[in-house]
Amino acid sequence: MVLKVFFPSCCSSADSGILIGRWISEQSSAVVLAVVHFPFIPVQVKQYLGEVQRVTKVSVSVLGSWSNSKQEKEESLSEFLEDLGTIFCHEPWIQISKEGDSKFWSCSTLQKHSQNPQEEEIILVYYDQRKVMLSHLHPPLDTTGQRAEDASKLSAVFDTVARSRVLFLTDRYDEGPIKLTHWQSEGVEASIIVELMKQASVPACMLLTFLLSLVSGVCRSRVLKFWPLSFLWSKLSTCEQLGHRLQHLQVISSNKKAQNQTQLMRKANIFVSVLIDVALGILLMSWLYRKNRIGHLADTLIPVADHVAEELQDLLQWLMGAPAGLKMNRALDQVLGRFFLYHIHLWISYIHLLSPFIEMILWYVGLSACLGLTVALSILSDIIALLTFHIYCFYVYGARLYCLKIYGLSSLWRLFRGKKWNVLRQRVDSCSYDLDQLFIGTLLFTILLFLLPTTALYYLVFTLLRLLVVIVQGLIHLLVDLIDSLPLYSLILRLCRSYRLAAGVKFRVLEQQDGKPLRLLMQINPLSYGAVVQTYRLPTYSCYPRDSWASLCKKLFLGELIYPWKHKGEKQN
């Protein structure tokens, strides 16, 4: 039988005393948590362990004795340590002794109450108590087989140390009857900055909760549910991002305590994400308002819009001629070209009508960067959508006209084959047509077929322009999603204190000597950066990836409308 003793490396130089910890009978393992020094009164030790067990819900007991012969030179010490096993009555009674400065310790077990005592093979495992207590062991992705069983055994050790936090709050300066050695025995680890932030966070969270309740009440009011406010709230990226950040602030300011480590990490990731987002937004705002960059941007915006309109006019003039040597239907070509030219003329008039107010609009838009870089990027996406609204209109007109002709041709093609579409059963059934119906169908099919190339060319050109705008907006939304969903706190923790995010452990065999127990050093394996992102990634309001390539090509061929993104609450086609 193999007995595993997990011994904290911080107790290797402790004075002689008794070992307290938890005995895990299912694994034949003993997790040593601290060493109680001489002198002590056994009744007080039992009372202290009872209080610790009541608070931590961990079955803490006296596991055995610890002897440091460098500091205790009495010959009767070993006999006294053996007699302690009759007082505390633990089976097996573990005896660990360190002989001077030797690396190799003696470790044995006593079983006084056993009828057939068996000689056990002992494995002494050293572990860093501070790292094990502060770390969070993540279960493996493969939850079946031997790896899951090993993970459950390790989690029992990690859980024992983590739940015994109360035991580590006493140090050598406490005026108590019991003196302990553990990782904080020289002084409880604390930070003045952290304590001040804890004291200041209570009134700040109360004020933030009150303000968020007011904002949430306004957002849930019936005024925003009426059209067109409800339509704008669901379509504008800025409104969606503000609502997303409002949910984040509600999670941060909530007075509900995190139930587990995952919820705690989620709150920390949201807090750091909002903090960095606001910091980047303030930097952007300071850059915009320096050296009158907003004025220069407003002066550049109108010429750029005029240049885009001129390029579109040149493109339409090219389409109204003989584009790439293609023979188009001249009547339909002229009608469509003049129709789109008229829309461009309206758009130029609209832009020049707003030109006196553009600098003021940009000035107020720049102030919104103090709410975060993601809000500024969402406003930029909405501005691009407004400035390219005429391209969207061209795309919609072309798509609807092209879609009408495609469905008309498909319906007339079924007429030639003596079939029709059954709306009730959603299938194609056989049908008999008379001569007049076939004649009219032939005429309509010929007209639509010869008009299709002209319509398809306009649809293709404006679809490419629309896709260009969609790609730009998609890149902006990918950047917003990256800032919103990236677990920055977890990544910083993985970079600075990798042991806090444990994926498992590895054991390194130390120097060995015949007749001495096998000595292992337990080291923590941190999570990889990819696993950190996958585990703690924050949810976002937009959904990626979008349609597959096959679905996208089908939509383009049939002339269905393409949207750059879908907001929550909308169904994906």
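Each residue, glycine too, has its Cβ placed from N, Cα and C.
Per TrEMBL, the feature transmembrane segment maps to 200-219 (among others).
Within its own chain, the transmembrane segment (270-289) is flanked in space by residues 245, 248-249, 251-252, 297, 366-367, 369-376, 483-484, 486-489, 492, 538, which lie at least six positions past its ends and keep a Cβ under 8 Å from the stretch. Annotated transmembrane segment per TrEMBL: 270-289 (among others), in sequence order.
Residues or ranges marked as transmembrane segment in TrEMBL: 335-354 (among others).
Within its own chain, the transmembrane segment (361-388) has Cβ neighbours under 8 Å at 236-238, 240-242, 245, 274, 277-278, 280-282, 284-285, 288-289, 294, 297-298, 301, 305, 354, 469, 472-473, 476-477, 479-480, 483-484, counting only residues six or more beyond its boundaries. The transmembrane segment feature in TrEMBL is assigned to 361-388 (among others).
The annotation transmembrane segment is assigned in TrEMBL to 394-416 (among others).
Residues annotated as transmembrane segment in TrEMBL: 437-461 (among others).
The annotation transmembrane segment is assigned in TrEMBL to 467-492 (among others). Using a Cβ-Cβ cut-off under 8 Å and counting only residues 6 or more beyond its ends in the same chain, the transmembrane segment (467-492) has close neighbours at 237, 241, 244, 265, 268-269, 271-273, 276-277, 280, 373-374, 377-378, 380-381, 384-385, 388, 391-392, 501, 529, 532-533, 535-542, 544, 562-565.
Beyond the ends of the transmembrane segment (335-354), by six or more residues, the same chain brings 302, 305-306, 309, 312-313, 316-317, 319-320, 361, 389-390, 393-394, 397, 454-455, 458 to within a C-beta distance below 8 angstroms of the stretch. A Cβ distance under 8 Å defines the sequence-distant neighbours of the transmembrane segment (394-416), meaning residues of its chain 6+ beyond its ends; these are 339-340, 343, 428, 433, 437-438, 441-442, 444-445, 448-449, 451-452, 455-456, 458-459, 461-463, 465-466, 557-561.
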